[in-house]
Amino acid sequence: MPTEKKEIVVLGAGVIGLQTALALLESGYSVTIVAKYWPGDEHIDYTSSKAGAVSPTYQKMERDIGINPIHKQHWRTHATPDDLQGQRFDKETYEYWLELVKKDEDAGIVLIPSIYIWDHPTPETANSGASIWWSTLVPTFTPLTHPHPHLPATAHFGISYKSFSLNPQKYLTHLLSRTADHGVKTHTHEVHCLSEVFEHVPDAVGVVNCTGLGAIDLVDPVEASKLFPTRGQTILVRGEAEMVRLRLGDGYIAYVVRRPGEGTILGGCKVDGDWNAEVDKELSKEIVERCKILAPELLFDGEFDVISEQVGRRPSRKGGPRIEVEWKEMEGRKRFICHHYGHSGAGYQSSVGSAREAVALVQRELEKQQ
């Protein structure tokens, strides 16, 4: 806990930026958020608003068949068995949300049954899923074998468990409201270099860079070369699915994720390095057909009632998220930059743990300067 209220700027108002701002405020800092986009804005560069936010599976599961995990609207861990930091971030977020759903019905989060289905054996399906690290974390983790009503005849294995499903706009609005309760200051501005933020907040001791893919234009060329978009495409349909369902098939992953209060998200795909912002109509057809077997309760005369189709760019980084501090002379004084970006599709489900890590790092760095 700081002995005086030091001013810190958080750059970016996606889920990582807002969660970090809240963690800083709760730790006793004065915070100003500077951002171009805010909750309620719809723009492809504002990735958090397009998230599909679900729960557990490994990144490795999808790498095994040459695809990547999609950024969904549920708690869905991307941490591999050897990624202890990622596991900690996801675990802390899951536990935080467990408490949140008990006390705040307006946060846009619900805890609902979830099903994960594998069409073929993987290391994770061995021994009834015993190697899945989060099996002891989530409630009601249960292996599914034939015969089972939720396991298609052609599937190899499945699991059921309790997972969070969320409405991203409601959750982002909730976070912004929480920061307002703690006295946050906000400034709408498009930043072209990190030192610009101190023109608006001259007394700030540093900035936390939560700009996601936007960091490409704010960091050095070597670091910028590590950043890339990962394209995702989803479909919002009418009606709320009974449960979250995910299926890992031959070269694809299909999922059905409830978006509380709005409908259900169908997906998906994820393509590294693809900046295309246009909806691929053929891909949408494939997504619809794959999801029909997963959510028959949402079909009207055999078809989904489509509300919208959307494309998002996940803020990916070679080597995973960057959470580190550097010091620079900016606007006439030495200030810190805490880089906190590159979460790809794991932003929501790791947000609480990752924000705590960033804040702890900032605190240690400031203590060194005293």
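Here the Cβ of each residue, glycine as well, is placed from N, Cα and C on the backbone.
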Task: Per TrEMBL, THR47, SER48, VAL191 bind FAD; matching candidate in THR20, THR77, THR211 - done: THR211
Open item on the list: Using other CB atoms within 10 angstroms as the count, which residue among the binding-site residues THR47, VAL191, THR211, GLY345 scores least?
Closed with: VAL191
Open item on the list: I want to verify one value. Collapsing DSSP to three states, which class is GLY345 (D-dopa binding site)?
Closed with: helix
Task: Mapped DSSP class for SER48 (FAD binding site), helix or strand or coil - done: helix
TODO: Within the domain 'FAD dependent oxidoreductase' (8-360) only, compute the mean pLDDT.
DONE: 91
